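According to TrEMBL, the protein has these features:
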DOMAIN    50-301  domain 'Nucleoside phosphorylase'
BINDING   R91, R135, I136, G137, T138  phosphate binding site
BINDING   Q214, R216  substrate binding site
Amino acid sequence: MSSDEELDEYPDGTVKLRNPNIELMDQDILYHLALGSESHDLVSMFGDVKFVCMGGTPKRMEQFAYYIMEEIGHKLPAGTMLQDISQYSYRYSMYKVGPVLSISHGMGIPSVGILLHEVIKLMYHAKVRDPIFFRIGTCGGIGLEGGTVVITEDAVDGMMQPFLELSVLGKLVKRPAKLDKKLARELRALSEPDDPYETVTGKTMCTYDFYEGQGRLDGAFCDFTESDKMQYLNRIHKAGVVNIEMESLSFAALTHHAGIKSAVICVTLMDRLKGDQVLAPKEVLDEWQQRPCSLVSRYIKRYLSMKGHLSLDGHCGSMCVKSPRRFKLVQQESENYD
């Protein structure tokens, strides 16, 4: 554990915030999650969380929630169903399956960054101990066929810099984008010989844009040639980049800054050395997108088996309200999305 991580964890393993202002607030409203520190009993709702799994779209993370529920043998109380805890935010979706949170993070560095600020604060308010964060997603491969699972070793930006640049009060702040190396090795070891696909580790490039920033020729604008594009892609490939996506830099930088163990696992949808557009049929893409979920599921099941908690009954993410008045105010505040 680095010195940075030690600063952000209490002796009992709970998350320690790098913001003294939070303790001075009457209530901390997690605006984009439609939750509040005094309106909701966050300890009762989330205190048993161990794994936070994030992916792009609400539908994908709802599907992951049902998938992981079956995988870990989680039983919902009679007459209940999975609930989108953040449904009144209209921004992100969140499902709780025992010790697993499944949350959509939207697209790109700003969206995942906003979510991480509030989820890290949620971990703090809920007194969660030693959480592990996963980003499960899709990417473009560099020299890898579609359907390949990539576990990120290092995240870099489009200039091959291993940190997130952020303008704060007119000054440029650089946050190291570091992921947990041991966690990446453990995930890689869970790939199985009979998997009908390859699982690799490597460097991930995270860009601020899907089209020009990733060297695509099919955007609304393109001021470079195909030769320029291929020279660039081959150059970053030789430097160790095996895939390109749009969230890993922020995800790695903010979880590292918070002292939270994290990993990024993506599946390639195409080899960018061979083209720009996703051409695989929908049923093939659906199967490919299940592959990172399967790897994360293996890790979670192994952890729970070692702890003797593979079959779980209990909390499905229903609301535990501390203050009905504050609850209504938080809900109204988050619903003001115009």
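Cβ from N, Cα, C; glycine included.
All annotation found in TrEMBL is predicted automatically rather than curated by experts.
In the shown protein chains, 17 other C-beta atoms lie within 10 A of the C-beta of R216 (substrate binding site). Cα spacing between I136 (phosphate binding site) and Q214 (substrate binding site): 20 Å, rounded to the nearest whole number.
For R135 (phosphate binding site), the same-chain residues 6+ apart in sequence whose C-beta sits under 8 angstroms from its C-beta are M54, G55, H105, V112, E247, S248, F251, S262, A263, V264, I265, C266. Around T138 (phosphate binding site), a 10 Å sphere centred on its CB holds 19 further CB atoms from the protein chains shown.
Looking at R216 (substrate binding site) and R91 (phosphate binding site), their Cα atoms lie 28 Å from each other.
Cβ neighbour count for G137 (phosphate binding site) (all protein chains, 10 Å cutoff from its Cβ): 25. Distance noted between the C-alpha atoms of Q214 (substrate binding site) and T138 (phosphate binding site) is 14 Å. When the binding-site residues R91, I136, Q214 are scored by other C-beta atoms within 10 Å, I136 scores highest.
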